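K.L.:
Here it is, the structure in full.
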Amino acid sequence: MTDTSTHRREPRTDAPRALTFDEVHVLASRITRTMESVISGKPDAVQMALTVVLAGGHLLLEDVPGVGKTMLARALGTTVGSRVNRIQFTPDLLPSDVTGVSVYNQVERRFEFSPGPIFANIVIGDEINRASPKTQSALLESMEERQVTVDGTTYPLAKPFTVVATQNPIEMEGTYALPEAQRDRFMARISMGYPSADAEVSMLTRRESANPLDTITAVVTNDELVAMIDAVGSVYVSPAVTHYAVEIARATRSHPDLRLGASPRSTLQLVRAARALAVIDGYEFVLPDHVDRLVRPVFGHRLVATSRALGHSGDSEALISDLLDDVVSATPVPAIAPARH
Amino acid sequence: MDEATGGWNRADKGDEPARGGRWSTSLALSILLLASLIPLAAVVEGSGWWITAGVAIASVLVPAGVVRSLGGAPWLGSVVGAVTWVLVLVVLFVPDSAILGIVPTVDTVAAVQELAIAAGQSIYVQSVPVDPVTPLLFLLAVGTGAVAVLADVLAVSLRSPAFTGLFALGMLVPPSIFTGSLDMVAYLATAVAFLFVLRSDRPAASSRSARSSSRVGALAVGAAAVAVTIVVGTLVPGFSTRSVVQPDGRSSFGSGVSALADLGRDLLRPGNTPHFAYRTTSTSRQYLRLLTLDRFEGAQWSASGEHPTVAQTDGERLAVPGLTSGVAIEEATVDVEITGLVGDLLPVPFPSVAVAGLRGEWEWDTDGLTVSSGSSSVEGQEYSVTALVIEPTADLLRAAPDDVPDAVAPFLDLPDDVPETVSRVFDEVTAGSATRYDAAYAIQEYLRTEFAYSVSTPIDDGYNGDGFEAIAQFLEARSGYCVHFASAMAILSRMAGIPARVSLGYLPGDRVGSDDGFVAYRVGSNDLHSWPELYFAGVGWVPFEPTPGRGSVPAYAIDASNDSGTDEVPESTVSRAPSATPTPTASDESAVEAGAVARDEPSGLQTGGVALVLLLVVVGVLLSPAAVRSLRRRRRWRAPRGATARDAWDEIVDSATDLGFEVREGDTERDLASRLRRLSLLDPSSADALDRVLAARERERYAHDLGPTADARRLRQDVDRVVEALAASVPVVSRIRAALAPASVLTRRSAADVRPARTG
């Protein structure tokens, strides 16, 4: 944007200051640059992770082991300078290991709440599919409600609150893949994919010397992150774009190859994510192209193909991905006048 | 359907409203076309032809509507409509030549040709109102069906209902030209039906786009209406090209009750259509006569028909009544070629003594020296006339004895009830005239100098006639055209005791060249004229010219050397163009066109003209997509508040479509921009221009506030640069196609942005 030069850093105060779109854009660029110095060759994944955080959603990273899912999640946590907790999910992890537990204080003779790792701004849930359904469910409930209730007392979670969960798609002994209904709680799901040869080489070189995470520090404060999220909420979405998002969602619902289409909640999340992406791109209004770019990450993990469409290939991911591309390219932006005078 | 992964999206977007809209469009179109046929009732007899026209229209629109309601593409409907129309034509008119009465064969073409020729003959033979014989009904069905097909394609397939107004206009106008009046009922009915057509398209196109498309339509209508008018004129019975292009000579003089009134009407008809061409050895400008009117009974002038006639034969010479040897005479040969005149009266100079080369039976009026026929037509005749050029002097006329031969006495007859005005004017004007010639001269000068030439005043003031009453008013108003001047002078002359009659014919016309001792002239409907002829003993009949600004005053009628001595009218007076009638000025050498001698003109002028008109129409139709495209472009840049980013962007999209770049319906602006950048390898500055237009368009469409308003001129520069770069990146063939057959014309214009529904 043109007037970035006029951007001033004011002395930080306790009350989060409202940020202009330009300031948000500048901060977002800084976060992106920092993360990309760690996660080389994955600009899309970095951008999508930041988008989800700024949209106040939760992110599901799904890929084979060893491609840097955890690294991405941790880089994100480090960069935003918020409180980051990491939970390694295992089959024997109990719900109270996530949410926290009331402990009897012998001295004061009363129960005290000992908060679990979920009480953080960014919670990294590694290998969420290894946890028992009961534990998964506890996590997902608190993701949705943004609060934890233990022994009848409700504790609100931190603000901002983003869960970055990683999942291993390969069916393994003792894993419980998230059911469709649970996946719906994640705003977006992305795959990391293998790095390019160059990126892999440079990663090897750098990893020789030190852990790259040690080389980066937070570039925004938690207050600034909250302000950024607040600013995202006021990005303008024109009626044309709103209708466009709805058209796309409706197209998935009536699609003959889909057993389950996009839910209204997913449409809501699509538009919310598009706002964040617009700001990251330096726009103060959402373009249909922002929606386009988010359709696959936001809708992909919520749709279920019919078994007939799946046929023998069984590759549901590829099918749905292609199908969403078709929907996006076939849906025109409705001709609706901007609601201005 | 499940396998058709490509089609699901469209199929599910609900075509229902549009489908309903198309049905109502078809209905409205039928009403529009039928309404525009109303004026035909004035020129076609009976009402049976309505059914034929209705069947032709229904044979197109009903199948088209059915196909579309069954889910067929709009264009498919038009194609099916056209096919059923042809089949219905075959079944109705030429079933014998077709297999099972419906499948056309080679014989069908021949049969159709026969029908067309028969129709042409029928048009030629019949006069208005025509009897709707089968060939004419065939023409009617062809014409209305063709118009229905075109209207259907325009209104439904191309979503441009406004253009159908053009066809309605094209069908409305020719009968109006022919009958000379506007049928207000028909116009209103058509206008209402047209509004329904526009309205029926509403579900798909908002009122705003309808308005804007009708604005484009209005421009195109103005340009093309004339062409369509002529085409329909040739297709629809009752309007042969003849009737549109030329006044029908037969209806003017052959059957008319009042020849002068008919002449006036022909003269007032707009446009100058060629009647005949001639070349003459005479150096003076000759009037050519069709008819003389010798009887005046108060209400009008008429031909008594009491004069002896002789059959015309080549080589036979007639005597000129009243002419004696004391008058200077020059003989001239005049070769005439009729190019457009119809009827049974032959234009010849006065006095003619012999005619050669005529086809058919013709006879001389030995007194008036006019040539006419009871059975033959002047059409296409080429003949040679031997004419005398009489050059009496004013002195000779003044010296003419006053006694009138018995044979000429009837030319003095006047009814008794001469209006008071006429007598008063007569007394005023002729007071002090010593001789009859002086009186004649005084009358001519009075009319020439005190009166104004006007074709509109007599009509406006209600004295457009040649009887006593009209002439009295004319003398009061002092304004009129040749009919009034000629009649007035003839009446006043008879009052002065000079035998007088009124001649109908032509001014000398336009000189178009000279060669070989001949001077060539071309004569058209605007040269129609009437003038008085006065009888002087010893000289015979001599013409006078009382009409100011028309024709030329004969030498003997100029020099009145007795008392007034006025000699202000120069000898070479040529016709000045009167205000209301565009009379071509017969200017001298400047009008000489090389090779434009009348003789050299092709005899098939009419056929050539029709072919030319048809060719122009075909070219016009072929170029109409380019015209529509260019109108759209102009409309965008000429928007009252300056071109918006939307206009600029639409122009880029249309240009890209024209140049053959892929433009998908589901494209966002950004999608298209990046595809264009990729496919055309835009240079950096053009790419920047594209980005600027893109940014302006996106901001306009998606942002909350417009920000700094895009500068219209800058936008246009950017668009021009982008379009130029795009064009440069495609082969020449694509560029030519983009110019001549722009594909964007066929794309549905995105309807104007709809206001969002108010939510919570």
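Every residue, even glycine, has its Cβ placed from backbone N, Cα and C.
Sharing the record's features from TrEMBL:
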REGION    B:1-21  region 'Disordered'
COMPBIAS  B:10-19  compositional bias 'Basic and acidic residues'
TRANSMEM  B:23-42  transmembrane segment
TRANSMEM  B:48-67  transmembrane segment
TRANSMEM  B:74-93  transmembrane segment
TRANSMEM  B:99-124  transmembrane segment
TRANSMEM  B:136-157  transmembrane segment
TRANSMEM  B:177-198  transmembrane segment
TRANSMEM  B:218-239  transmembrane segment
DOMAIN    B:474-548  domain 'Transglutaminase-like'
REGION    B:556-600  region 'Disordered'
COMPBIAS  B:572-588  compositional bias 'Polar residues'
TRANSMEM  B:609-628  transmembrane segment
K.L.:
At a threshold of under 8 Å on Cβ distances, which of B:23-42, B:74-93, B:99-124, B:136-157, B:609-628 pairs most often with the transmembrane segment (B:48-67)?
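P.N.:
Maximum Cβ contact count belongs to B:74-93.
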K.L.:
If you count every Cβ pair below 8 Å, which range out of B:23-42, B:136-157, B:609-628 shares the most with the transmembrane segment (B:74-93)?
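P.N.:
Comparing B:23-42, B:136-157, B:609-628: B:136-157 has the most Cβ pairs near the transmembrane segment (B:74-93).
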K.L.:
Take every residue in the domain 'Transglutaminase-like' (B:474-548), average their pLDDT values, and give the whole-number result.
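P.N.:
Reported value for the domain 'Transglutaminase-like' (B:474-548) is a mean pLDDT of 86.
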K.L.:
Run through the domain 'Transglutaminase-like' (B:474-548) and tell me, per DSSP, how many residues are helix, strand and coil.
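P.N.:
Tallying H, G and I as helix, E and B as strand, the rest coil: 21 helix, 35 strand, 19 coil.
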